[in-house]
Amino acid sequence: MAFKFVIFAAVVAVARAGLIASPAVSYAAAPALVAAPVAKVAYAAAPIAKVAYAAQPEEYDANPHYSFSYGISDALTGDSKSQQESRSGDVVQGSYSVVDPDGTKRTVDYTADPHNGFNAVVRREPLAAKTIVAAAPVATKVIAQPAVAYAAPVAKTISYAAPVATKTYVAQPALSYAAPLTKTYVSQPALSYAAPVAKTISYSAPLATKTYVSQPAISYAAPLAKTYVSQPALSYAAPAYAYHH
């Protein structure tokens, strides 16, 4: 506003100068001009008028009718079930079936009406055994193998000759003392052999032969009598010396 006022005063002065004699020209520095602060313009979003929606009244069917059905049969997972239902006014009729894990089919028939309420009848029936269709045989080339025959082993009868047990007893020589010589004989222990499988082994009874050696005759020779012979008398003859001249 101050800037506008200065300009307006200058214009008035110029207009008056044309009517009044010109005074002495003098020059003065122009006053410093200061810009007035400009107020910031604030922008606000225009308010959006809310649209009011009137609630629509729900449609009411005094005599409803519908009917639906579905079924699932999955051979991979074994899931098999179905359902169907229909309605006429306030009376509902329907049924559903499902295959239980024990292999029986369970079917439920149900009805509902304002007078009798809800009623259901359950039926169980075994499923028919599945018919397995055998795959057509594939022709294969068969090569006949030669028949291999193995002769049954012949059971051999092996006989073992029983060893002849020979017992030899050597009589002890009579010693110088008079104590009697006592001999003790131990009986042969009984031996038993288990027969091997598929082998017939026969043993002949051992032949025990006892050989006794007679007591050696001991003779003592009479001691030799020593004869002492007297020493012969020895005589020495003096040699005869002869000297010849």
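Keep in mind that glycine also has a Cβ here, set from the backbone N, Cα and C atoms.
Given the structure is predicted, the values throughout are model-derived calculations rather than measurements.
Some features that Swiss-Prot has for this protein:
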type: DOMAIN; residues: 25-86; note: domain 'Chitin-binding type R&R'
type: REGION; residues: 79-100; note: region 'Disordered'
type: REPEAT; residues: 92-95; note: repeat '1'
type: REPEAT; residues: 108-111; note: repeat '2'
type: REPEAT; residues: 118-121; note: repeat '3'
Beyond the flanks of the repeat '3' (118-121) by at least 6 residues, Cβ under 8 Å: 108-112
Residues in the repeat '2' (108-111) grouped by DSSP into helix, strand and remaining coil: 0 helix, 4 strand, 0 coil
